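Below are the C-alpha coordinates for one structure; questions will follow.
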Ligand code: UD1
Ligand code: CA
(Lines of atoms letter the chains of each structure in order from A; the text may use other names.)
(Lines give C-alpha, C1' and ligand atoms only; values in the text may rest on other atoms or scores of the structure.)
(Ligands and ions follow the chains in the order given, each with its own letter.)
Protein backbone atom coordinates (compact mmCIF):
# COMPACT_ATOMS: atom_id res chain seq x y z
CA UNK A 1 0.00 0.00 0.00
CA UNK A 2 1.21 3.51 -0.78
CA UNK A 3 2.30 5.80 2.01
CA UNK A 4 -0.30 7.84 3.83
CA UNK A 5 0.51 11.19 5.37
CA UNK A 6 -1.55 13.69 7.32
CA UNK A 7 -1.13 17.41 7.84
CA UNK A 8 -2.94 19.09 10.74
CA UNK A 9 -3.30 22.86 10.52
CA UNK A 10 -2.93 24.38 13.95
CA UNK A 11 -0.89 27.57 13.59
CA UNK A 12 -3.64 30.19 13.66
CA UNK A 13 -4.25 32.38 16.68
CA UNK A 14 -8.00 32.20 16.43
CA UNK A 15 -8.70 35.92 16.69
CA UNK A 16 -12.44 35.38 16.62
CA UNK A 17 -12.27 33.38 19.86
CA UNK A 18 -11.12 36.58 21.66
CA UNK A 19 -9.02 34.45 23.97
CA UNK A 20 -5.61 34.18 25.57
CA UNK A 21 -5.84 30.49 24.77
CA UNK A 22 -4.97 29.55 21.18
CA UNK A 23 -7.99 28.35 19.27
CA UNK A 24 -7.09 24.71 18.68
CA UNK A 25 -6.40 24.31 22.41
CA UNK A 26 -9.94 25.21 23.44
CA UNK A 27 -11.53 22.07 24.83
CA UNK A 28 -14.60 20.20 23.63
CA UNK A 29 -15.85 17.55 26.07
CA UNK A 30 -12.81 18.37 28.20
CA UNK A 31 -10.23 17.74 25.48
CA UNK A 32 -8.44 20.33 23.29
CA UNK A 33 -9.89 20.43 19.77
CA UNK A 34 -6.62 19.56 18.05
CA UNK A 35 -6.23 16.51 20.28
CA UNK A 36 -9.60 15.17 19.13
CA UNK A 37 -8.35 15.47 15.56
CA UNK A 38 -5.06 13.69 16.29
CA UNK A 39 -6.87 10.94 18.25
CA UNK A 40 -9.02 10.21 15.20
CA UNK A 41 -6.06 10.28 12.82
CA UNK A 42 -4.31 7.70 14.96
CA UNK A 43 -6.94 5.14 14.07
CA UNK A 44 -6.49 5.80 10.32
CA UNK A 45 -3.19 4.00 9.72
CA UNK A 46 -1.40 7.19 8.72
CA UNK A 47 2.35 6.73 8.37
CA UNK A 48 3.32 10.24 9.38
CA UNK A 49 1.39 13.22 10.72
CA UNK A 50 2.87 16.71 10.47
CA UNK A 51 1.25 19.38 12.62
CA UNK A 52 1.68 22.98 11.51
CA UNK A 53 2.28 25.18 14.52
CA UNK A 54 2.77 28.92 14.88
CA UNK A 55 0.74 30.75 17.49
CA UNK A 56 1.07 28.84 20.76
CA UNK A 57 3.51 26.39 19.16
CA UNK A 58 5.04 25.43 22.52
CA UNK A 59 1.68 24.71 24.04
CA UNK A 60 0.49 22.63 21.08
CA UNK A 61 3.75 20.68 21.16
CA UNK A 62 3.48 20.15 24.93
CA UNK A 63 0.01 18.74 24.37
CA UNK A 64 0.74 16.43 21.44
CA UNK A 65 4.33 15.49 22.28
CA UNK A 66 5.83 12.93 19.95
CA UNK A 67 2.50 11.65 18.65
CA UNK A 68 3.10 13.86 15.59
CA UNK A 69 6.00 15.73 14.01
CA UNK A 70 5.94 19.51 13.60
CA UNK A 71 6.56 22.21 11.04
CA UNK A 72 6.59 25.84 12.09
CA UNK A 73 4.66 28.51 10.21
CA UNK A 74 6.30 31.71 11.42
CA UNK A 75 3.76 34.04 9.82
CA UNK A 76 0.16 33.02 9.31
CA UNK A 77 -0.31 33.79 5.63
CA UNK A 78 -3.18 31.39 5.05
CA UNK A 79 -4.06 27.71 4.95
CA UNK A 80 -2.17 27.10 1.67
CA UNK A 81 0.95 28.71 3.10
CA UNK A 82 0.48 26.58 6.24
CA UNK A 83 0.47 23.32 4.28
CA UNK A 84 3.54 24.47 2.34
CA UNK A 85 5.48 24.42 5.62
CA UNK A 86 5.03 20.63 5.69
CA UNK A 87 6.95 20.53 2.41
CA UNK A 88 10.25 20.24 4.30
CA UNK A 89 9.09 16.84 5.49
CA UNK A 90 6.73 15.67 2.74
CA UNK A 91 7.61 17.30 -0.57
CA UNK A 92 8.60 14.89 -3.33
CA UNK A 93 7.32 11.82 -1.52
CA UNK A 94 4.81 9.62 -3.28
CA UNK A 95 1.61 8.73 -1.47
CA UNK A 96 -1.61 10.37 -0.33
CA UNK A 97 -1.96 13.20 2.14
CA UNK A 98 -4.94 13.92 4.31
CA UNK A 99 -5.15 17.57 5.30
CA UNK A 100 -7.33 18.46 8.26
CA UNK A 101 -7.73 21.53 10.45
CA UNK A 102 -7.25 21.59 14.19
CA UNK A 103 -10.56 23.42 14.61
CA UNK A 104 -12.87 20.67 13.27
CA UNK A 105 -13.09 18.51 16.39
CA UNK A 106 -16.15 16.46 15.48
CA UNK A 107 -14.69 14.67 12.47
CA UNK A 108 -14.36 10.93 12.95
CA UNK A 109 -11.88 8.31 11.83
CA UNK A 110 -14.71 6.63 9.90
CA UNK A 111 -15.28 9.75 7.81
CA UNK A 112 -11.54 10.10 7.16
CA UNK A 113 -11.52 6.45 6.02
CA UNK A 114 -14.57 6.96 3.78
CA UNK A 115 -12.98 10.07 2.29
CA UNK A 116 -9.71 8.27 1.57
CA UNK A 117 -11.53 5.26 0.10
CA UNK A 118 -13.51 7.58 -2.19
CA UNK A 119 -10.30 9.32 -3.23
CA UNK A 120 -8.65 6.01 -4.10
CA UNK A 121 -11.70 4.72 -6.02
CA UNK A 122 -12.00 7.83 -8.20
CA UNK A 123 -8.26 8.03 -8.80
CA UNK A 124 -8.49 11.77 -8.13
CA UNK A 125 -5.51 14.01 -7.46
CA UNK A 126 -7.57 15.86 -4.86
CA UNK A 127 -10.77 15.06 -2.99
CA UNK A 128 -12.50 17.55 -0.75
CA UNK A 129 -14.84 16.62 2.07
CA UNK A 130 -17.96 18.72 1.72
CA UNK A 131 -21.25 19.01 3.61
CA UNK A 132 -24.62 20.55 3.00
CA UNK A 133 -26.12 23.02 5.47
CA UNK A 134 -28.92 25.55 5.59
CA UNK A 135 -26.51 27.90 7.42
CA UNK A 136 -23.39 28.03 5.26
CA UNK A 137 -22.32 31.55 6.33
CA UNK A 138 -18.60 31.86 6.97
CA UNK A 139 -17.67 28.68 5.12
CA UNK A 140 -16.04 28.35 1.72
CA UNK A 141 -18.62 27.30 -0.90
CA UNK A 142 -18.13 24.39 -3.26
CA UNK A 143 -18.88 25.38 -6.85
CA UNK A 144 -19.75 22.60 -9.28
CA UNK A 145 -20.25 22.67 -13.04
CA UNK A 146 -23.39 21.58 -14.88
CA UNK A 147 -22.25 17.94 -14.67
CA UNK A 148 -21.82 18.19 -10.92
CA UNK A 149 -18.01 18.16 -11.12
CA UNK A 150 -16.21 20.30 -8.56
CA UNK A 151 -14.74 23.37 -10.22
CA UNK A 152 -13.47 25.44 -7.35
CA UNK A 153 -14.02 26.63 -3.83
CA UNK A 154 -14.78 30.24 -3.11
CA UNK A 155 -14.35 31.74 0.36
CA UNK A 156 -17.41 33.37 1.91
CA UNK A 157 -15.68 36.75 1.96
CA UNK A 158 -14.81 36.51 -1.73
CA UNK A 159 -18.13 35.05 -2.85
CA UNK A 160 -20.81 36.83 -4.89
CA UNK A 161 -24.43 36.83 -3.70
CA UNK A 162 -25.20 33.95 -6.06
CA UNK A 163 -22.21 31.95 -4.80
CA UNK A 164 -23.23 32.62 -1.21
CA UNK A 165 -26.58 30.98 -1.88
CA UNK A 166 -24.76 27.65 -2.42
CA UNK A 167 -25.36 25.36 0.53
CA UNK A 168 -22.54 22.94 -0.05
CA UNK A 169 -19.56 23.95 2.07
CA UNK A 170 -15.88 23.09 2.20
CA UNK A 171 -15.11 21.28 5.46
CA UNK A 172 -11.40 22.12 4.97
CA UNK A 173 -10.59 18.41 5.04
CA UNK A 174 -8.99 17.03 1.88
CA UNK A 175 -7.06 14.10 0.49
CA UNK A 176 -4.39 14.89 -2.07
CA UNK A 177 -1.91 13.05 -4.16
CA UNK A 178 1.10 14.22 -2.17
CA UNK A 179 3.29 15.21 -5.12
CA UNK A 180 0.45 17.04 -6.91
CA UNK A 181 -0.33 18.91 -3.67
CA UNK A 182 3.12 20.41 -3.24
CA UNK A 183 3.50 21.18 -6.95
CA UNK A 184 0.16 23.01 -7.07
CA UNK A 185 0.76 24.93 -3.86
CA UNK A 186 3.56 26.81 -5.67
CA UNK A 187 0.91 28.24 -7.99
CA UNK A 188 -1.44 29.51 -5.26
CA UNK A 189 -1.56 33.30 -5.10
CA UNK A 190 -2.96 35.65 -2.50
CA UNK A 191 -5.06 37.92 -4.67
CA UNK A 192 -8.23 37.76 -2.59
CA UNK A 193 -10.13 39.78 0.02
CA UNK A 194 -8.01 38.45 2.88
CA UNK A 195 -4.67 38.63 1.05
CA UNK A 196 -4.01 35.01 2.08
CA UNK A 197 -2.71 31.91 0.33
CA UNK A 198 -5.81 29.71 0.32
CA UNK A 199 -5.38 25.95 0.33
CA UNK A 200 -8.75 25.39 -1.42
CA UNK A 201 -7.30 27.16 -4.49
CA UNK A 202 -5.33 23.95 -5.15
CA UNK A 203 -8.64 22.35 -6.17
CA UNK A 204 -9.20 24.90 -8.92
CA UNK A 205 -5.57 24.72 -10.05
CA UNK A 206 -5.64 20.94 -10.44
CA UNK A 207 -9.05 21.05 -12.10
CA UNK A 208 -7.80 23.59 -14.66
CA UNK A 209 -4.80 21.39 -15.37
CA UNK A 210 -7.26 18.67 -16.35
CA UNK A 211 -6.62 16.51 -13.31
CA UNK A 212 -9.48 14.67 -11.66
CA UNK A 213 -10.73 16.46 -8.57
CA UNK A 214 -13.49 14.95 -6.59
CA UNK A 215 -15.76 15.68 -3.65
CA UNK A 216 -17.09 13.43 -0.96
CA UNK A 217 -20.12 14.72 0.90
CA UNK A 218 -20.36 13.94 4.60
CA UNK A 219 -23.68 12.48 5.72
CA UNK A 220 -23.94 14.94 8.61
CA UNK A 221 -22.91 18.59 8.38
CA UNK A 222 -22.39 18.80 12.15
CA UNK A 223 -19.51 16.39 11.98
CA UNK A 224 -17.65 18.77 9.69
CA UNK A 225 -18.31 21.98 11.57
CA UNK A 226 -15.42 24.35 12.11
CA UNK A 227 -15.04 26.29 15.34
CA UNK A 228 -14.08 29.90 14.84
CA UNK A 229 -15.80 31.59 17.79
CA UNK A 230 -17.39 30.82 21.13
CA UNK A 231 -20.83 30.35 19.66
CA UNK A 232 -19.53 27.60 17.40
CA UNK A 233 -17.54 26.21 20.34
CA UNK A 234 -20.75 25.73 22.33
CA UNK A 235 -22.45 24.18 19.28
CA UNK A 236 -19.57 21.74 18.85
CA UNK A 237 -19.73 20.93 22.55
CA UNK A 238 -23.44 20.21 22.21
CA UNK A 239 -22.93 17.83 19.26
CA UNK A 240 -20.01 16.09 20.86
CA UNK A 241 -22.01 15.64 24.06
CA UNK A 242 -24.88 14.18 22.11
CA UNK A 243 -22.58 11.78 20.29
CA UNK A 244 -20.80 10.59 23.44
CA UNK A 245 -24.03 10.25 25.44
CA UNK A 246 -25.84 8.35 22.71
CA UNK A 247 -22.90 5.99 22.43
CA UNK A 248 -23.00 5.16 26.15
CA UNK A 249 -26.78 4.87 26.22
CA UNK A 250 -26.46 2.30 23.44
CA UNK A 251 -23.93 0.46 25.59
CA UNK A 252 -26.52 0.13 28.36
CA UNK A 253 -26.01 3.26 30.45
CA UNK A 254 -29.11 5.12 31.65
CA UNK A 255 -29.04 8.92 31.66
CA UNK A 256 -32.05 10.48 33.28
CA UNK A 257 -31.28 13.74 31.46
CA UNK A 258 -28.62 13.42 28.74
CA UNK A 259 -28.74 17.16 28.09
CA UNK A 260 -27.29 17.66 31.57
CA UNK A 261 -24.77 14.84 31.59
CA UNK A 262 -21.19 15.63 30.61
CA UNK A 263 -18.87 12.77 29.76
CA UNK A 264 -15.31 13.09 28.55
CA UNK A 265 -14.42 11.30 25.36
CA UNK A 266 -11.99 9.11 27.30
CA UNK A 267 -14.40 8.00 30.02
CA UNK A 268 -15.68 4.42 30.19
CA UNK A 269 -18.99 3.41 31.80
CA UNK A 270 -20.37 -0.05 32.51
CA UNK A 271 -23.90 -1.22 31.67
CA UNK A 272 -26.84 -0.60 34.00
CA UNK A 273 -25.09 2.36 35.52
CA UNK A 274 -27.41 5.33 35.97
CA UNK A 275 -26.06 8.85 35.51
CA UNK A 276 -28.25 11.48 37.08
CA UNK A 277 -28.38 15.13 35.94
CA UNK A 278 -25.37 17.29 36.63
CA UNK A 279 -22.92 14.40 36.40
CA UNK A 280 -19.56 15.44 34.98
CA UNK A 281 -17.02 12.72 34.16
CA UNK A 282 -13.65 14.19 33.31
CA UNK A 283 -10.55 12.68 31.75
CA UNK A 284 -10.13 8.94 31.81
CA UNK A 285 -12.72 8.20 34.46
CA UNK A 286 -13.78 4.56 34.48
CA UNK A 287 -17.05 3.49 36.06
CA UNK A 288 -18.21 -0.09 36.50
CA UNK A 289 -21.68 -1.50 36.07
CA UNK A 290 -24.88 -0.88 38.02
CA UNK A 291 -23.56 2.25 39.71
CA UNK A 292 -25.65 5.32 40.42
CA UNK A 293 -23.74 8.56 39.91
CA UNK A 294 -25.18 11.98 40.68
CA UNK A 295 -27.10 14.10 40.72
CA UNK A 296 -24.48 16.87 40.65
CA UNK A 297 -21.32 14.83 40.87
CA UNK A 298 -17.91 15.53 39.35
CA UNK A 299 -15.43 12.69 38.91
CA UNK A 300 -12.00 13.41 37.44
CA UNK A 301 -9.50 10.74 36.38
CA UNK A 302 -11.07 8.34 38.84
CA UNK A 303 -12.04 4.69 38.86
CA UNK A 304 -15.27 3.37 40.34
CA UNK A 305 -16.15 -0.33 40.79
CA UNK A 306 -19.60 -1.90 40.44
CA UNK A 307 -22.86 -1.08 42.26
CA UNK A 308 -21.36 2.03 43.85
CA UNK A 309 -23.42 5.11 44.68
CA UNK A 310 -21.93 8.59 44.44
CA UNK A 311 -24.29 11.43 45.21
CA UNK A 312 -23.63 15.19 45.03
CA UNK A 313 -19.91 14.68 45.48
CA UNK A 314 -16.53 15.49 43.96
CA UNK A 315 -13.66 13.05 43.44
CA UNK A 316 -10.39 13.43 41.63
CA UNK A 317 -7.65 10.91 40.95
CA UNK A 318 -9.33 8.49 43.30
CA UNK A 319 -9.86 4.77 43.21
CA UNK A 320 -13.27 3.75 44.49
CA UNK A 321 -14.24 0.10 44.91
CA UNK A 322 -17.52 -1.77 44.49
CA UNK A 323 -20.60 -1.43 46.70
CA UNK A 324 -19.27 1.86 48.05
CA UNK A 325 -21.59 4.66 49.16
CA UNK A 326 -20.37 8.23 48.85
CA UNK A 327 -22.09 11.48 49.70
CA UNK A 328 -24.04 13.55 49.58
CA UNK A 329 -21.39 16.29 49.76
CA UNK A 330 -18.17 14.31 50.06
CA UNK A 331 -14.84 15.49 48.63
CA UNK A 332 -12.28 12.91 47.58
CA UNK A 333 -8.97 14.52 46.73
CA UNK A 334 -6.12 12.83 44.85
CA UNK A 335 -4.73 9.48 45.95
CA UNK A 336 -7.82 8.39 47.79
CA UNK A 337 -8.37 4.64 47.58
CA UNK A 338 -11.59 3.17 48.96
CA UNK A 339 -11.95 -0.59 49.12
CA UNK A 340 -15.24 -2.41 48.58
CA UNK A 341 -18.15 -1.62 50.87
CA UNK A 342 -16.72 1.65 52.21
CA UNK A 343 -19.12 4.38 53.30
CA UNK A 344 -18.12 8.05 53.08
CA UNK A 345 -20.89 10.37 54.15
CA UNK A 346 -21.70 14.05 54.12
CA UNK A 347 -19.02 16.68 54.60
CA UNK A 348 -16.17 14.22 54.65
CA UNK A 349 -12.94 15.28 52.97
CA UNK A 350 -10.35 12.66 52.09
CA UNK A 351 -6.83 13.20 50.78
CA UNK A 352 -4.17 10.55 50.18
CA UNK A 353 -6.13 8.08 52.24
CA UNK A 354 -6.72 4.39 51.86
CA UNK A 355 -9.76 2.87 53.57
CA UNK A 356 -10.09 -0.92 53.79
CA UNK A 357 -13.19 -3.02 53.23
CA UNK A 358 -16.40 -1.85 54.89
CA UNK A 359 -14.77 1.02 56.76
CA UNK A 360 -16.87 4.08 57.41
CA UNK A 361 -16.49 7.81 57.84
CA UNK A 362 -20.09 8.82 57.78
CA UNK A 363 -20.15 12.46 58.80
CA UNK A 364 -18.06 15.64 59.03
CA UNK A 365 -14.47 14.37 58.93
CA UNK A 366 -11.14 15.35 57.45
CA UNK A 367 -8.87 12.38 56.83
CA UNK A 368 -5.55 13.14 55.16
CA UNK A 369 -2.35 11.09 54.80
CA UNK A 370 -3.87 8.05 56.43
CA UNK A 371 -3.87 4.29 56.04
CA UNK A 372 -7.10 2.92 57.40
CA UNK A 373 -7.71 -0.84 57.64
CA UNK A 374 -10.88 -2.89 57.20
CA UNK A 375 -14.08 -2.36 59.19
CA UNK A 376 -12.86 0.81 60.88
CA UNK A 377 -15.44 3.27 62.13
CA UNK A 378 -14.38 6.91 62.05
CA UNK A 379 -16.88 8.79 64.18
CA UNK A 380 -18.55 12.04 63.30
CA UNK A 381 -16.27 15.07 63.37
CA UNK A 382 -13.03 13.10 63.73
CA UNK A 383 -9.94 14.36 61.99
CA UNK A 384 -6.38 13.38 61.27
CA UNK A 385 -4.13 16.24 62.30
CA UNK A 386 -1.62 15.61 59.54
CA UNK A 387 0.15 18.94 59.17
CA UNK A 388 2.30 20.90 61.61
CA UNK A 389 2.68 23.90 59.32
CA UNK A 390 5.79 22.43 57.68
CA UNK A 391 5.45 18.72 57.10
CA UNK A 392 2.74 16.14 56.59
CA UNK A 393 2.59 13.02 58.77
CA UNK A 394 0.93 9.64 58.51
CA UNK A 395 -1.93 8.29 60.60
CA UNK A 396 -2.48 4.51 60.69
CA UNK A 397 -5.70 3.02 61.89
CA UNK A 398 -5.74 -0.76 61.89
CA UNK A 399 -8.59 -3.19 61.24
CA UNK A 400 -11.69 -2.97 63.37
CA UNK A 401 -10.62 0.13 65.32
CA UNK A 402 -13.34 2.49 66.50
CA UNK A 403 -12.59 6.20 66.56
CA UNK A 404 -15.16 7.99 68.72
CA UNK A 405 -16.79 11.21 67.61
CA UNK A 406 -14.84 14.42 67.48
CA UNK A 407 -11.43 12.86 67.99
CA UNK A 408 -8.19 14.49 66.88
CA UNK A 409 -5.50 12.04 65.81
CA UNK A 410 -2.24 13.97 65.95
CA UNK A 411 0.05 12.42 63.34
CA UNK A 412 2.35 10.60 63.19
CA UNK A 413 0.28 8.18 65.20
CA UNK A 414 -1.06 4.60 64.98
CA UNK A 415 -4.22 3.12 66.33
CA UNK A 416 -3.94 -0.66 66.76
CA UNK A 417 -6.31 -3.42 65.66
CA UNK A 418 -9.65 -3.27 67.42
CA UNK A 419 -8.59 -0.30 69.57
CA UNK A 420 -11.24 2.08 70.83
CA UNK A 421 -10.83 5.86 71.04
CA UNK A 422 -13.21 7.58 73.38
CA UNK A 423 -15.19 10.44 71.87
CA UNK A 424 -13.60 13.86 72.11
CA UNK A 425 -10.06 12.53 72.57
CA UNK A 426 -6.96 14.24 71.27
CA UNK A 427 -4.63 11.31 70.60
CA UNK A 428 -0.93 12.13 70.59
CA UNK A 429 0.52 8.69 71.37
CA UNK A 430 0.16 5.35 69.60
CA UNK A 431 -2.70 3.22 70.89
CA UNK A 432 -2.01 -0.53 71.01
CA UNK A 433 -4.54 -3.04 69.64
CA UNK A 434 -7.59 -3.98 71.73
CA UNK A 435 -7.00 -0.94 74.02
CA UNK A 436 -9.22 1.94 75.05
CA UNK A 437 -7.71 5.42 74.88
CA UNK A 438 -9.36 8.39 76.54
CA UNK A 439 -7.55 11.67 76.11
CA UNK A 440 -9.71 14.48 77.38
CA UNK A 441 -10.10 16.29 80.66
CA UNK A 442 -12.62 14.84 83.04
CA UNK A 443 -15.96 16.48 83.42
CA UNK A 444 -16.50 18.50 86.57
CA UNK A 445 -20.13 18.83 87.63
CA UNK A 446 -20.90 21.38 90.34
CA UNK A 447 -24.09 20.11 91.84
CA UNK A 448 -26.76 22.80 92.24
CA UNK A 449 -24.21 25.47 91.42
CA UNK A 450 -26.79 27.85 89.94
CA UNK A 451 -29.07 27.62 92.90
CA UNK A 452 -26.29 29.23 94.93
CA UNK A 453 -26.87 33.05 95.28
CA UNK A 454 -23.14 33.86 95.09
CA UNK A 455 -22.84 32.25 91.68
CA UNK A 456 -25.77 34.24 90.35
CA UNK A 457 -24.18 37.65 91.19
C1 LIG B 1 -11.39 27.43 6.22
C2 LIG B 1 -11.50 27.30 4.70
C3 LIG B 1 -12.97 27.35 4.30
C4 LIG B 1 -13.73 26.26 5.03
C5 LIG B 1 -13.53 26.34 6.52
C6 LIG B 1 -14.10 25.10 7.18
C7 LIG B 1 -9.51 28.33 3.73
C8 LIG B 1 -8.98 29.52 3.05
N9 LIG B 1 -10.78 28.41 4.07
O10 LIG B 1 -11.87 28.71 6.59
O11 LIG B 1 -13.08 27.17 2.90
O12 LIG B 1 -15.11 26.31 4.72
O13 LIG B 1 -12.11 26.39 6.85
O14 LIG B 1 -13.99 25.14 8.57
O15 LIG B 1 -8.81 27.36 3.90
N16 LIG B 1 -4.30 28.02 9.89
C17 LIG B 1 -2.93 27.92 9.94
N18 LIG B 1 -2.20 28.90 9.33
C19 LIG B 1 -2.77 29.94 8.69
C20 LIG B 1 -4.18 30.02 8.65
C21 LIG B 1 -4.92 29.03 9.25
O22 LIG B 1 -2.36 26.98 10.50
O23 LIG B 1 -2.02 30.77 8.15
C24 LIG B 1 -5.09 26.95 10.53
C25 LIG B 1 -5.93 27.45 11.70
O26 LIG B 1 -5.23 27.31 12.92
C27 LIG B 1 -7.16 26.57 11.62
C28 LIG B 1 -7.24 26.16 10.16
O29 LIG B 1 -5.99 26.43 9.60
O30 LIG B 1 -7.03 25.43 12.43
C31 LIG B 1 -8.33 26.85 9.38
O32 LIG B 1 -8.13 28.25 9.44
P33 LIG B 1 -9.32 29.25 9.69
O34 LIG B 1 -8.77 30.62 9.72
O35 LIG B 1 -10.15 28.81 10.81
O36 LIG B 1 -10.12 29.06 8.31
P37 LIG B 1 -11.66 29.37 8.04
O38 LIG B 1 -11.86 30.82 7.89
O39 LIG B 1 -12.51 28.67 9.02
CA1 CA C 1 -12.04 27.51 10.85
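Every residue gets a Cβ built from N, Cα and C, even glycine.
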Which of these, 440, 442, does TrEMBL say binds acetyl-CoA at the same site as 386, 387, 423?
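Looking at 440, 442, the one TrEMBL places in the acetyl-CoA site next to 386, 387, 423 is 440.
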Determine which residues of the chain contact the region 'Linker' (231-251) at the Cβ level, with the cut-off under 8 Å and only residues 6 or more beyond its ends counted.
17, 26, 28-29, 33, 105-106, 222-223, 225, 258, 261-265, 269, 271
Considering each pair of residues in 386, 387, 423, 440, all listed as binding acetyl-CoA, report the largest CA to CA distance in Å, no decimals.
22
Within the set 103, 228, 386, which binding-site residues show a CB-to-ligand 1 distance under 6 A?
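Near the molecule: 103, 228.
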Quick one: Cα separation, residue 228 (Mg(2+) binding site) versus residue 363 (active site, proton acceptor), in Å?
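Residue 363 (active site, proton acceptor) has its Cα 48 Å from the Cα of residue 228 (Mg(2+) binding site).
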Going by C-alpha positions, which of the binding-site residues (386, 387, 423, 440) is nearest residue 363 (active site, proton acceptor)?
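Result: the closest of the binding-site residues to residue 363 (active site, proton acceptor) is 423.
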As a check: which entries in 103, 363, 387, the recorded positions, place their Cβ less than 6 Å from an atom of ligand 2?
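The ones that qualify, in sequence order, are 103.
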Pick the one among the recorded positions 363, 440 whose Cβ has the fewest other Cβ atoms within 10 Å in this structure.
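Result for the recorded positions 363, 440: minimum number of other Cβ atoms within 10 Å at 440.
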Which of the listed binding-site residues (228, 386, 387, 423) has the least company, meaning the fewest other Cβ atoms within 10 Å of its Cβ?
387
